[in-house]
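J.: Dumping the structure here so I can ask a few things about it.
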């Protein structure tokens, strides 16, 4: 009887300890970010915001710990820890309980831009850009197992390719977007040649060096790239319709074409919609690539390169294809990111 009464007390004690530790972690990690507010040229402290954040984290952790220590929580954990491991055949007509998640996310993504402010739209656009960044990085690091730390260098090559094509060749946003993709992909393939014989930490060091070299060149070649000040980028259009209040490039403002009032958020809504479509397209392509022979070759290279070569796979072409595919994926988000800042 005494052991039975001690079990709930022990569960509450463990939950309280977890809650306090979570609160301390939140205070250390997020306290300087949330509690220090920039006002003009100085900083002010906002301890109330930190206290609210820590309280929310502690309450959430306490509730989660108590839930996981309950019978239902233990059953939930056991199901994911392999307590019921086995091979099961789904019956005909089986429908997953999670089938409604994708339609729900698509619906929220459609409704969000019409309810959000400019700030929230900007945050969402940056989030989608980093989603694409992670998807592109996952091809080389995740699928092919090549530790490449020079990824941001080709991020810059794509962005500067779009901006310099506009400045020196007079090409527009949509004309330079595919050309920039080819430029970034070719740069990735060229980088792949000298590093094909390297593995692990050596590959990481060399690619990091290439990334730093490209950064220094772009920052110091002032006459061509503008140096730290950057260069202007072309504005996106929709079939020649511009998203500005007044047409700057001899086009027609989109609000005048449709005879509606001007909305400064329309450009950000357009970029958000384009990024959503690109994210879904990249997810589909990545899903298909992992099931194609090239995707299987990337995974074989990641698991054991010696066995991969023994099976007759050309490891040189496999590595180059991974470098090339990742650069193509990464190019499109760079042009959108340049639109948020106005310069490259």
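Cβ from N, Cα, C; glycine included.
Quick caveat, the model's predicted, so the values are computed rather than measured.
According to TrEMBL, the protein carries these features:
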TRANSMEM  20-38  transmembrane segment
TRANSMEM  50-68  transmembrane segment
TRANSMEM  98-116  transmembrane segment
TRANSMEM  122-144  transmembrane segment
TRANSMEM  151-169  transmembrane segment
TRANSMEM  175-195  transmembrane segment
TRANSMEM  202-222  transmembrane segment
TRANSMEM  268-285  transmembrane segment
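Show me how these features fit into the shown structure, please.
T.: Distant neighbours of the transmembrane segment (50-68): 11-12, 14-16, 18-20, 22-23, 25-27, 30-31, 34-35, 74, 76-77; these residues of the same chain sit at least 6 beyond its ends, with a Cβ under 8 Å from one of its Cβ atoms.
Cβ atoms under 8 Å from those of the transmembrane segment (98-116) belong to residues 124, 265, 268-269, 272-273, 276 of the same chain, restricted to positions at least 6 beyond its ends.
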J.: What parts of the chain pack near the transmembrane segment (202-222), using Cβ distances under 8 Å and only residues at least 6 beyond its ends?
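T.: Contacts of the transmembrane segment (202-222) (Cβ under 8 Å, skipping residues fewer than 6 from its ends): 146-153, 156-157, 160, 191, 194-195, 228.
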